[in-house]
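Feature annotations, reproduced from Swiss-Prot:
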- 2, 5, 30, 66: Zn(2+) 1 binding site (BINDING)
- 30, 33, 61, 64: Zn(2+) 2 binding site (BINDING)
- 59, 71, 88, 91: Zn(2+) 3 binding site (BINDING)
C-alpha cells in the first residue's frame, strides 16, 4: 500500500461504507508513474468468516498497475442491527449500524 498516492491516509468517512468503487477525491496520483487517472479494482474476493461477510479488493493504478491500497468491507448482523465497516488507505475508515426492525429503538423518544 502506498501513502504517496493518497492525500490523506485512512480519512474518516463517517457512515459511508463502500462495498465497491473508489474515493477518487483522495487519490492525488500514482507515486510510481506520476499519472492521475482512473483507479482499477483487482483481486476482488468475497467470502464468509464466521457470520461476517467480508469483501476485499485492491486499488491499482490504471497505467502501471501499482498497488495504491487494499480495501476491506465487512457486513454482519448483531442482535437486531446490520453492522457495516470499511477500512482502506484510499477510501478511509467508516462504520454504520442499521436496525432490521421497522422502527429503530435507538431513534424512539421516551414518553416520560
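From the backbone N, Cα and C atoms, a Cβ is placed for every residue, glycine too.
Overlay of Swiss-Prot feature records on the structure.
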residue	record	contacts (Cβ under 8 Å, 6+ apart)
2	Zn(2+) 1 binding site	31, 32, 66, 67, 68, 69, 89
5	Zn(2+) 1 binding site	27, 28, 29, 30, 31, 61, 66, 68, 69, 90
59	Zn(2+) 3 binding site	22, 39, 40, 41, 67, 68, 69, 70, 71, 88, 90, 91
64	Zn(2+) 2 binding site	30, 32, 33, 35
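Other than the site residues 2, 5, 30, 66, same-chain residues with C-beta atoms no more than 8 angstroms from the centre of those residues' C-beta atoms, the Zn(2+) 1 site, are 4, 29, 31, 32, 33, 61, 67, 68.
When Cβ atoms from all protein chains are considered, those within 10 Å of residue 30 (Zn(2+) 1 binding site) total 22, not counting its own. Each of the binding-site residues 61, 88 was scored by how many other Cβ atoms lie within 10 Å of its Cβ, and the smallest score goes to 61. Following the DSSP three-state reduction, the secondary structure of residue 33 (Zn(2+) 2 binding site) is coil.
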